[in-house]
Amino acid sequence: MCPLRSLLLISTLVLLHHLPHLSLGRSLPTTTAGPGTSCLDYSQNLLRAVSNTLQKARQTLEFYSCTSEEIDHEDITKDKTSTVEACLPLELATNESCLASRETSLITNGHCLSSGKTSFMTTLCLRSIYKDLKMYHMEFQAMNAKLLMDPKRQVFLDQNMLAAIAELMQALNFDSETVPQKPSLEELDFYKTKVKLCILLHAFRIRAVTIDRMMSYLSSS
């Protein structure tokens, strides 16, 4: 992987990390990932699913300040994970040649990469991504439980998105990992819950883009 490509990757990750109000684009069809699917395919499926879910939420909750310009942006992984730093291309961190790789390698149980052997830095990156996914999965499940109690039955989380998160988590296979967070259990205010849904979906879509960029980088390196 040449330095120019790595610099482009990390610039994209930092931009996504600090500019949460990027344009959303059109809804994309959701595909079902099958056996033997790589983590790049899973991450692309996840990005499609969260983009579709966010678009539907914006349409349904048009009177709830659900656009990226109107919401108060929040990152539930802040100070709990460090995906951008953990996924920094090794050559940028060590200033070695464009083919640099750390000698230490680990055997992973997941099937994200073609080989079961991955570098120490790659393992840290994938573990951080797993923690991100687990945090959002827990938060979305708790939020969906609240939405199901709403008498208006106005909006629910798309099960395709929850399934896409679970599929990528299963592929990463860091089941022993714990996350330093419990789902927020605020008062049962359906208006606030719907606004929070918009906030989380916007934040998670940005994180899904970051994950997809990293999986693309890892798959081609």
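Yeah, the Cβs are placed from backbone N, Cα and C, and that goes for glycine too.
What Swiss-Prot records for C39-C112 (among others) is disulfide bond. Under the three-state DSSP scheme, C112 (disulfide bond) falls in the coil class. Around the Cβ of C112 (disulfide bond), 22 further Cβ atoms fall within 10 Å across all displayed protein chains.
The Cβ of C66 (disulfide bond) has 22 other Cβ atoms within 10 Å, all protein chains considered. When secondary structure is read from DSSP and collapsed to three states, C66 (disulfide bond) falls in the coil class. Swiss-Prot lists C66-C198 (among others) with the feature disulfide bond.
What Swiss-Prot lists as disulfide bond is C87-C125 (among others). For C125 (disulfide bond), the count of additional Cβ atoms within 10 Å of its Cβ stands at 26 [all protein chains shown].
Per Swiss-Prot, N-linked glycosylation site is recorded for N95.
The annotation signal peptide is assigned in Swiss-Prot to 1-25 on the grounds of similarity to another entry.
For C112 (disulfide bond), none of the disulfide-bonded residues have C-alpha atoms inside a 10 Å radius of its own C-alpha, out of C66, C87, C125, C198. When the disulfide-bonded residues C39, C66, C198 are ranked by how far their Cα is from the Cα of C87 (disulfide bond), C39 comes first.
Comparing Cα positions, C39 (disulfide bond) lies closest to C125 out of the disulfide-bonded residues C66, C125, C198.
Calculated from their C-alpha atoms, the gap between C198 (disulfide bond) and C125 (disulfide bond) amounts to 27 Å. According to DSSP, C87 (disulfide bond) sits in a coil region rather than a helix or strand.
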